[in-house]
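Okay, so here's the structure we're looking at.
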Amino acid sequence: MGAREVVLRLEGITKRFGKLTANDDVGFALHRGEVLALLGENGAGKTTLMNILFGHYTADAGTVEVFGQALPPGAPGAALAAGVGMVHQHFTLAGNMTVLENILLGTRPLLAPGLGRAAARARVEQLSRDFGLAVHPDAKVKTLSVGERQRVEILKALYRDARILILDEPTAVLTPQESDALFETLKKAVAQGLSIIFISHKLHEVTAVSDRVIVLRHGRVVGEVATDQTDRHRIAEMMVGAEVALPHPALGTPGAALMELRDVSTPPEGNRTGLRRVTLSLKAGQITGLAGVSGNGQGALADLVSGLIAPDSGELRVAGQTVAGWSPRAALAAGVGRIPEDRHATGSIADFTLTENAVLEGYARPPFSRAGWMDWTRARAHAEGIIEKYDVRCPGPEARIRLLSGGNMQKLILGRALEAGPKIILANQPVRGLDIGALTYVQECLIAARDAGAAVLLISEDLDEIRALSDVIHVMSEGRLSPEFPRGSKTPAELGQWMAGQGFSDAA
Amino acid sequence: MRLEPVAAPGLARTLGLPALAIAATVVVASALAMLAGANPFATLGLIVKGAAGSKFAALETLNRATPLIFTGLAVAVAFRAKLWNIGAEAQLYAGALMTVLIGTQMGLPGPVAIPAMAIAAVLAGALVLLGPVLLKVRLGVDEVVTTLLFNFIMLLFISMLLEGPLKDPMGMGWPKSEAIPRDARLPRIVDGLRLHWGFGLALISAVVVWVIQVKTTLGYEIRAVGQNPQAARFASIPVGRVMVKTALLSGGLAALAGFSEVAGLKGNLTLDLSPGFGYTGIVVAMLALLHPLGVVVSALFVAGIFVGADSMSRAAEVPTYIADISVATALLFMVLAILLTRFRVVRG
């Protein structure tokens, strides 16, 4: 491998944001015809590194070389011109234009109508055959599935003669089957001499697709290893700096159904999928896991359980009673503890103190307020209790919550929910982006709450997490809910088929 | 050049930068005075002397600050909830109108008339802002547009009344209302001096608003809604209802400016009752960083510049526009100072 041509070289890249060092002396080389996996937890510095490569940020120190030529710092477009193509996590496509138009967009002057269109189409068709990227050039992008849109993004890069392809978390939005198709494409690309950087934090994909792995942690390169000379455990250790093990809790003992949905439908909101006749029963002493590719109705279900939306049709029952006037306040009164998906935007108020955030859900009632007056002494004592019990690392209860790391913020939100003594707990992506210590702690708290008799709904895109923690599993696809599967009764591949929409009786 | 957030700005930063902004304002104002052919130091001295150099001058500044405290508070309360009330001018005139109606038409004895006028004014101001805020909460109509346009509607409406049913028959044809009787006027704080109890009411209002913001559930709700409506809604705060309550409070405060000007100073309603107090209230609130007690300080500052510049222009023959420019410059520098308190400029 060492003999092969180096196509991209990063040397000594350092980037600081205030006190935070996002990249610390990062350097590596990418060779022709290789798939290099860039691995790291959220916040490890992967995205910053790519932004430097593409000139969106200027590094404080270090150089970037593409095919032996140094890239000018801070010049977006230089990397593109040098043959580096990037497929972002969030696609940059115009939905009301066709696939071909999207690919051509920006490659030619606006006032050259139609010229060379036939040639361009032939080239796109050729590329999609060569690389196994089946997609119709005249289809409007908005009618395409997520997997197809990603193919358009890759075609776009290839059409611009990219020789180096960077994929940022490409499988985050794909079903396991779509991911496999993507890996086939990558193999074909490599066979044609392209070089690929594959950014991910999913270990099994990295071992499946890459030739070499580089692990980033806290902005530094902490490991570099050939994929065939290592295994997932070793890589995981490098990523987190310690042996990682998912918990293996014993099965819970299910009790009465505390919350039931019967044939519940909700309308789609904007481009968000609604619920389609969902029937679900959350039982005391049980963790119900909800698997699925994000954007398939999990958001609507979470909003329904938290009280933000009410059923459009169908019935929502809490403790055996049909609810009327469902709202966040009604949900809290009914004993629903909520851990929202986005702890920054929904779960907390950045410029409020820990004390103010700790009473966000309970501020309107005693002991935190009486007759319209806040009792800040009680509120501060409550916050101090959570900080102590849930080990929230912070300067104190009067510090603004924006100063906290994601893990500590999540612990405060978790403590806020659990200290209210919830009977039903909604945990929506509770450990996303957390470091290993906080992650394990949050999972243990959820298991403890289950053992104490709470009904837990765990929503996660991480199939491994769902399979390890849940007593029963449902899969969501396009707003529909699969039947209940006991833990261990389905393989990941079988769950993947449900995620792709196979097996539902009312096929779309 | 980029901006990077400062995690915990120190005391030097939070106090030094605003002080620097004031200093920069003085420099700009002096430069303008020089352009107008006057000695900048003398001009500056005349402004300070005109604003606070004598008992008369100082009282005049306090008088001028009174409506600005009310409108500044109205804006600060609303902006805190990110409710962009640009219509304090309309709410002020609504308050003034109710004051004149109650004061001239009902024939109430003084001790009853004064609270009745104040309450009616508050209700009218609140009502004026209720429409735009309901449109915002229910239909998503931009309140910047509706409250701004309401200012013109209200002025034309008042103009119609002053030319018609409310026109003072003894007014020599001028568009002005009858004056409210002497015993229904706000008493002077000190006998023989022009300062009336409207100023006292303004100070009390500032303290009350401050207490509401930091001690009550409503204040907590207002701040939460303003900072992050999505998180507030998730946390069971009724966002729409909080917006409506904020609007009632804000409109009521602005209306008190009209009440205080009519019942304390002018006695009757004219179309030039407010030389833009509603709009200047926005400047006052922004200079005070929306802090209710800060509003008192910034209202005194702005009023001082206006009163001082008036007197200076008579003495030094420099146009009074210098006051408007100084206030605008102060605001721009202050906004910059606030930005630089929370962010530092980094190259690259």
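The backbone N, Cα and C atoms fix where each Cβ goes, glycine too.
Record features, source TrEMBL:
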TRANSMEM  B:20-42  transmembrane segment
TRANSMEM  B:62-79  transmembrane segment
TRANSMEM  B:91-108  transmembrane segment
TRANSMEM  B:114-135  transmembrane segment
TRANSMEM  B:144-162  transmembrane segment
TRANSMEM  B:195-214  transmembrane segment
TRANSMEM  B:279-309  transmembrane segment
TRANSMEM  B:321-340  transmembrane segment
Spatial neighbours of the transmembrane segment (B:91-108) not adjacent in sequence (6+ beyond its ends, CB under 8 Å) are 67, 70-71, 74, 116-118, 120-125, 127-129, 154-155, 158, 161, 166, 177-181, 184, 250-252, 254-259, 261-263, 268-269, 273-274, 277-278
Positions whose Cβ lies under 8 angstroms from the transmembrane segment (B:321-340), at least six residues beyond its ends
3, 13, 17-18, 20-22, 24-25, 28-29, 32-33, 36, 43, 280, 283, 286-287, 289, 301-302, 305-306, 308-310, 312-313
Maximum Cβ pairs under 8 Å to the transmembrane segment (B:62-79) - stretch from the list B:20-42, B:114-135, B:195-214, B:279-309
B:279-309
Take the transmembrane segment (B:195-214) and find every residue of the same chain, 6 or more past its ends, with a Cβ under 8 Å from one of its Cβ atoms.
59, 62-63, 65-67, 69-70, 73, 76-77, 80, 118, 185-189, 222-223, 249, 253, 256, 259-261, 263-265, 291-293, 295-296
